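Have a look at the structure below before the remarks.
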């Protein structure tokens, strides 16, 4: 068989591990040929690809990023692609396509599958918000990076009797904030799923100082927002240079806490360090398993599906289901963390 | 309520996180009193304990080891304890006991529960071999340590055209070897579950050298053993000083490969570094959730049970079931790793 | 002898290692008594202290922060303290004082020494900008944290064909930016010591993209500033909430590069993660040696001096000399890094 | 100019950073041509080499191992090479050779230089035992790996009231044992430089247990040996399979301590994990500086010399001097560690 593989969307530790696993299983296990499209769907549409043999994926298991490059999806071109799908397939002699990507990529994959392309998807997001799978690779690495940062910030906060506000990734789902907050022992956790109360955060800090614990750490997802009437906050303010990105919730919340509490409150915005670099062992194993099962699905003709973790098993889930609903943090998970939410 | 907690068996990253979570939930959440017994069941039998309040567990979340100390179980004394259980409970005014431990501890807990003590267990093993739960805390940390070692060894192996044999923990179940082998990209993985073929390992090395990949890494569980007729190996040989421990499978296999292949083969025995030190974020979260749910089970009167991970949920499983069967690596999981087994 | 020890100024990995070493050497080595003042000079002036024996410093070697707490120096109160110094010494029965701190602390120590207090200083700064010593502890840890961040950012930058701008600490001296930039392989490094050219940075990025290396990383010290006429940048702009801190050089430079290059440029502000958490082995060794030699200096009556690293030796340098001149990055060190400055 | 570069001897983190720096400085800085010989001096003698341009060294800064491969030196062939040196040089059109290696390599380089080859050496050893330079790259990484292992072992030792014996590298010089022992807070450190007393180690352990500190960690260099009459120990015992390597000092000492103390004592042999993998930031900076200065020395015609760190400067030292004497740990450095030696 001739199998195409591509990576699309944001960087995510484990992408190379999937590519390597696909190549190992397909080439060494089944005698297939694998080609890798460059820069995501763009490379597919422009027929920019290279052959991937065992040598091509040697040494990439532990490496962050993607050797294939990536790009964000342009929906218009994809629709066009769907129309030309049969030609594309025939021209390239593709027996199957394995796109590795997040919600946008899986939606696109679902469209391609509907248009008749033999597609098996592999889900990817550091945000862990795809509902069809228990976990996605990249998430564990992001949580690990954020947790190490919180560990470091705690000693500084304690030495200086400060409040530290750590902003982590998570625009629509707060999984990274929840788990790194729990793992780092943050005293407050703010998630997109539940508008937070500045009053409650202040009360928590005051109570800690009263108990002699003269510091506090608040872990806030970039997509978190205050409850009605709690704090003046509008995302997307424009700064004096015409850029809107600088005033995130972390900076804003630290300023507010400092004003209200009369104590030093310092923001730390972790940003892109969470999505780069070598994946954790957990993510490498999950990514490798996803790659292996994607190839097996191809050989079974299990198209229109994507790999998913359920308990300890890798199963196949319909691509269409995968993208219907965002997996957000349920209240029961917040209860388990001894933090203010 | 008055809740006792103890840690028993081998060291395991995440023990302190469970203790902290039990105290946070019980004391801050329910207004309970928590006492911690020292050195496992020994402390229980000798009524050596201390009160655990919020201050007592401050700063321990990320710390390896156990602030309560641990000890291996002496079965005779435990049987005796079971007989005296009602007295013990009454004397100490215990409403519930939360033992955190491995197979031995859970068996003991099951006996104590059968004898009428209100027990809720928390499973603990870096080996991940308890069948009632998808994963146990400590395992992810052990795999992480072993994977980092394999990452390091690969560059050395490659620079010197060597075979490296890494021995990791796992006497009866090969989970650490499987997952660190996969995450580190080991070319051979030897597990207790499947007697390995030295012939196959040699063929793999020869094939790699023939392809120009002039090194190989073999990851071997301490409990792995060669298939019939493959290699002269008897565990527990006595050395010239009367100690039996030095001749493990890692050393033995490296010597055999060197002899057969005529290439340098170096053993590395990771040993106890796998079970100490700060837990990964994954293990801290799992341990915290286990602690929280153990306290909730106590308050529901859900005795004779232990916490367990199923998919993304924490559920309660009967203690009796937990210890009936060891969870070993199934053949399907070996298939997913592109290694020689 | 009765020796006082205190930590002052910003958090710095290795403070606890110095405290531990002072106590070990003084108590176990010389039979001295050691007392630790709380919250820096404040604790000295308010006679808030506790006895430090071997138990008190058990387990702190690898821990970030300072078990004694710290505070910034208020110069007015210190001047007053200098006047009362003899009373202070007599009252507390102090035979020597070992203050551990940065430039401000060493200046204060120098004043106290001039006023007659038997002082031996230990220099501390993550910025590595004290001229009397080859290196200071804390610096290696800060460089390590920043380097790991750059490592991670590179894979993300590469996958997305982006410019990443990493802002690291260093208000007046660019050592952290220089060494983490070299260690991480940054393509541009901006230091306080040399106004940078945005033109040169843009040319470097364009040249890289032209060569097919479709990403770049710029490492910028927080105190770096553009050369005349290169970029509109005034530190300390006030945002709409009345806070001035958000618009640092990292954010500003990323915006400028994005505008000029027409390519995505993302800022990452590392902030306080650089100064917290467990120290590297290098910093633990240096801190331990400093502590040991400080006690020896006390016993030799070598007052008014501070510990310093020269080559591989620890020597004593006059406190007065230590603070006359900031150690900045010389041009020769910039030459060694194959980066744009 | 046409410059050759090669790496010889054992693996050492930072080798790739030197190669990269040489290429960057020579090619981008001076417009030179650089060729890399494969597998050390072997590749030189067999004229196996490849051109190294900027692309060839892209992405290797943080990678362990050496992209050029390495091999141990065969002295006979080298002598022969020295005789043929003029032919070699002429044939390959070499204007200079930069060998990167340890004592053996530098000795060989010195011979080649004496025979008229234009050689500039770069010292390399994780053991830090070359006297002409304050430190060598690779050492900091090795100490970091060993320290992290000791950190992890301490929690396990403490939870189980055990003695842990950690064997680290260092056949003739004990720098790794000294610095990782200090950084990890080992209670006993055994070095090749000073025969150790088992009596003293036992007394230290007993004293600790008597004080309620119920564990101890001993860090022992592989080349350490007991003082006369202290312990039956002969290196190089042959095991029942005819291999001599298994009975190292770590295993032997743990057995002895267990026998004498009647307490559990566990050996951990770190082995090759200390010399592989990504270098620390410190080692990357030092390696990069060495590479840069080696090229500058070539252009100055400063042959027969090697790069060396003196304080904060890189200087050139005569190759002949470099190898006359091993730099061992002086007694003064042992004094600074609060450990039993």
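Using the three backbone atoms N, Cα and C, a Cβ is placed for every residue, glycine included.
Taken from TrEMBL, the feature active site, proton acceptor applies to B:127. Taken from TrEMBL, the feature ATP binding site applies to B:10, B:72, B:73, B:102, B:103, B:104, B:105. As annotated by TrEMBL, Mg(2+) binding site applies to B:103. What TrEMBL records for B:125, B:126, B:127, B:162, B:169, B:170, B:171, B:222, B:266, B:272, B:273, B:274, B:275 is substrate binding site. Positions annotated as domain 'Phosphofructokinase' by TrEMBL: B:2-298. Feature annotation from TrEMBL assigns site 'Important for substrate specificity' to B:104.
When the neighbouring Cβ atoms lying within 10 Å are counted for each of the binding-site residues (B:171, B:266, B:275), the highest count belongs to B:275. Spatially, by CA atoms, the binding-site residues B:72, B:102, B:103, B:104, B:105 include one closest to residue B:125 (substrate binding site), and that is B:102. On the 0 to 100 pLDDT scale, the model's mean across the domain 'Phosphofructokinase' (B:2-298) is 92. Take the Cα of residue B:275 (substrate binding site) and measure to each of the binding-site residues B:10, B:72, B:102, B:104, B:105: the nearest one is B:10. Taking each of the binding-site residues B:105, B:125 in turn and counting other Cβ atoms within 10 Å of its Cβ gives the largest count for B:105. Across the fold, the C-alpha of residue B:72 (ATP binding site) and the C-alpha of residue B:127 (active site, proton acceptor) stand 16 Å from each other.
Other Cβ atoms within 10 Å of the Cβ of residue B:127 (active site, proton acceptor) number 26 in total over all chains.
Largest CA to CA distance in the substrate binding set (B:125, B:126, B:127, B:162, B:169, B:170, B:171, B:222, B:266, B:272, B:273, B:274, B:275): 33 Å, whole number. The binding-site residues listed here are B:102, B:104; among them, B:102 has the most other Cβ atoms within 10 Å of its own Cβ. When the binding-site residues B:104, B:105, B:169 are screened for a C-alpha within 10 angstroms of the C-alpha of residue B:127 (active site, proton acceptor), the residues that qualify, in sequence order, are B:169.
Among the binding-site residues listed (B:169, B:171, B:266, B:273), B:171 has its Cα nearest to the Cα of residue B:103 (ATP binding site). Ranking the binding-site residues B:10, B:102, B:104, B:105 by the distance of their Cα atoms from the Cα of residue B:169 (substrate binding site) places B:10 first. Among the binding-site residues listed (B:10, B:102, B:104, B:105), B:10 has its Cα nearest to the Cα of residue B:266 (substrate binding site). Checking the binding-site residues B:102, B:104, B:105, B:125, B:169 against chain D with a Cβ-Cβ cut-off of under 8 Å leaves no residue at all.
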